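Trainee: Below are the structure tokens for one structure; questions will follow.
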Amino acid sequence: MSAPPQHSTRRPRGPKGSQAHKAREQGLADDHHEKLVQEAVEGIQRGEYSSSRDAAEKLGIPGAYTTIWRRLKGRALPRKKAFVKYQLLNPQQEEVLKKWVQFLALSGRPLCKRTIAPKIQDLCGKVPSRRYVYRWLRRHPDLTLGRAIGLDTKRARCFNYQTVQHHFNLLQREINEKDIPIQNIYNFDEIGIQLGGGRTISGELHFFDTHGKAPRYKVNSDSLELVTILESVCADGSAPIGPAIVLPGVKMHEEWFTDDDREYLVCTTDNGWTDDEVCKNWFTKCFIPHAQAHSDTSKPILLLYDGHSSHSTHDIIEAALANNIILFCLPPHTTHRLQPCDVGAFSPLKRAWSSRCNIVFEETHQPLGLKDVVREYFCARDASFKTDTIKSAWTKSGIGVDETTGRPVCNPGLFTYTDFAPSMLSSTQLHVPDGFPADQLGNTIKNEIQDDSASSSEGGEDDDGSDSDSDFDDSRLDPGLPRASAPPGSPLSRSASSSSQASLWSNFSMPPGPLRTTYLDPASSDLDASESDDDTDSESALRKWKRKMQQYKDQRDQARMDRNTAAAHAVLAARELKGVTAQLNAKKQARSRRTIHITSRIVTNEEGRAEAQRQKTAREEKARKENENKEKRKDEEAAVRLRRLQVGRDGMVFASTLSSQKVPGLCDIAWSLSLPETGTKDELITRIKSYFELHPHLRTTPRFIALFEGKRGLKRLAAGELENPPPASRPRLLDRTNMTNL
């Protein structure tokens, strides 16, 4: 009896009862069945089985003995080959489409049923049916249809090989030069918690009726009030630093300070968010004394943190320098993979907090109150901050301990090419699917230009581009990169050469593709050497030419397959190029003058201190300008109020057209007509025109006549209609006292 089919150990993300899951299971069963049939045929040929029925029974497929017999006699083909002519795509097109699906999925742009249909239509010229995708999945069970996890574009762009290698090189160099022990390395970050526990229901299982049709609800708290926590973890697996709990409002509760055995900081802000002052107080009052008590004081303390503006203020940098603390800023938008707090420490803490909030709600039927936040938070903290959990978070971030020496060591090899694949979306290098024929096509074109009569190697051996993917050449990396080991097994990364003197096609470093045809030259064929030219035996000559004809047919078939493969790649690459062109045309280039760091950096040095001082000066200058503008607006508003008070609604006379009025003038008109003054210029004009349409007699009054007729209209007025017409300069706003004096 044969073993059951070995399905992938990775569970597909799609629902278990979905059509895609069933198609995948059918495909795996088909492959397993085909493997057993082939094993039976080979076993009969080797003499291991007496008949097809005997082989079928011993391999556990008794109903397939007829198939085995037909396959043995050459009267049947495998299922995938037998139905090729009924498929929309030929085998080469299906294989290329599969490569592109895998490539786009790795790069963070997975296809769905809606987006794969146009690609299939481009390849075959026909619109696939709704059932086609499931039949395609059955033929390719190594693919599945599942739900994706969202990834921010900035994170996809910034977490790349160059940035990560630079980060670990700089971090390891700092650890080695300063001889920093493991207990002197810390990471801190903020975490936001809601008093209702969050919208996500905890993973706790509940009992429900299997026959009932009612939805499986669980009532929980809807409080979204936010509390921010500043937490820190040590690389030795401990959390010795007291947290800072930032609560909204100004009222203080005595329940926050009842625990005398703990040292922590409680702060209040308007919205419960942290700011520069809160971060500075936590750093000076909690982190510095607690870290010094836990660490080796003869060595520097290394603190890893993200690039939030409140983390690297001038005051924090000065305090760090005074206490022998190295501030190490992580690369931007990479904390989801490089910051231990985000990677593994905060997730159990959030689950424990949500559980505590649910327990409180079940017991009291009321959301958690602010006065109980401190007590409940420390219950969740004690339950989640375990030594193994914190060590695992540091290990997943690429920082561990050498078992032989006990020294901290960085492990950049933890991240492979699959982790960096989403950064290909913003890369300036060439990235194509595995098997893309650019290298082979380029070499063919180059050889044809250099020597029109050149042919490929007689034995059909692979060229330099067919090396194993594991033999990654470091010289193919960007010359600006540090010479570290490249991501292991990275067949999807094709980096372009920086040499400007090389030819176009030599700029690509490609893996072996499908184009490996050896084109035979009749003059150099070994068939002529095996038999004499003066052979007069007709049967021998016939066999010779039959063999030649068969080789030419094989060459023709291989050339057709190569053509189909290259054409399929070209079609899909053209569609990708079309999408990229549309994105470039729709992209708006926004200029920014602020300094943006794209790699990790050490802040506690002269450059960091100078930059912090510049940022502080810029913030102070910005605040000064905002205050000046605010005072200027207040003065302008006071002047408008004073002028309106002096003139009054009936005393305003407007001497320019409505369309030429600016927003302040339109506001004056609206105020004189007792209309709202809010809205844009167009909204104000529309509102004023609507009012005059309802009151047309106001158009001819001396106050408003100029709004609609202008200077020319005033000249056509009959004598005596306007005692004192406005002057030629036409001031925008006049009052009756000024007009009588003109």
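Yeah, the Cβs are placed from backbone N, Cα and C, and that goes for glycine too.
So TrEMBL lists the following for this protein:
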- 22-37: compositional bias 'Basic and acidic residues' (COMPBIAS)
- 459-472: compositional bias 'Acidic residues' (COMPBIAS)
- 479-498: compositional bias 'Low complexity' (COMPBIAS)
- 528-538: compositional bias 'Acidic residues' (COMPBIAS)
- 551-563: compositional bias 'Basic and acidic residues' (COMPBIAS)
- 604-637: compositional bias 'Basic and acidic residues' (COMPBIAS)
- 229-394: domain 'DDE-1' (DOMAIN)
- 1-37: region 'Disordered' (REGION)
- 450-498: region 'Disordered' (REGION)
- 516-563: region 'Disordered' (REGION)
- 585-637: region 'Disordered' (REGION)
- 718-742: region 'Disordered' (REGION)
Trainee: So, by DSSP, how many helix, strand and coil residues make up the compositional bias 'Basic and acidic residues' (22-37)?
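Mentor: Grouping H, G, I as helix and E, B as strand yields 16 helix, 0 strand, 0 coil.
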Trainee: What is the number of residues in the compositional bias 'Basic and acidic residues' (551-563) that are helix, strand and coil, as DSSP sees it?
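Mentor: Helix, strand, coil within the compositional bias 'Basic and acidic residues' (551-563): 13 helix, 0 strand, 0 coil.
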Trainee: Just to be sure I understand, if DSSP states are collapsed into helix, strand and coil, how many residues of the compositional bias 'Basic and acidic residues' (604-637) fall in each?
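Mentor: Across the compositional bias 'Basic and acidic residues' (604-637), the residues distribute as 32 helix, 0 strand, 2 coil.
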Trainee: For the domain 'DDE-1' (229-394), provide the mean pLDDT of the predicted model.
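Mentor: Mean model confidence (pLDDT) across the domain 'DDE-1' (229-394) is 91.
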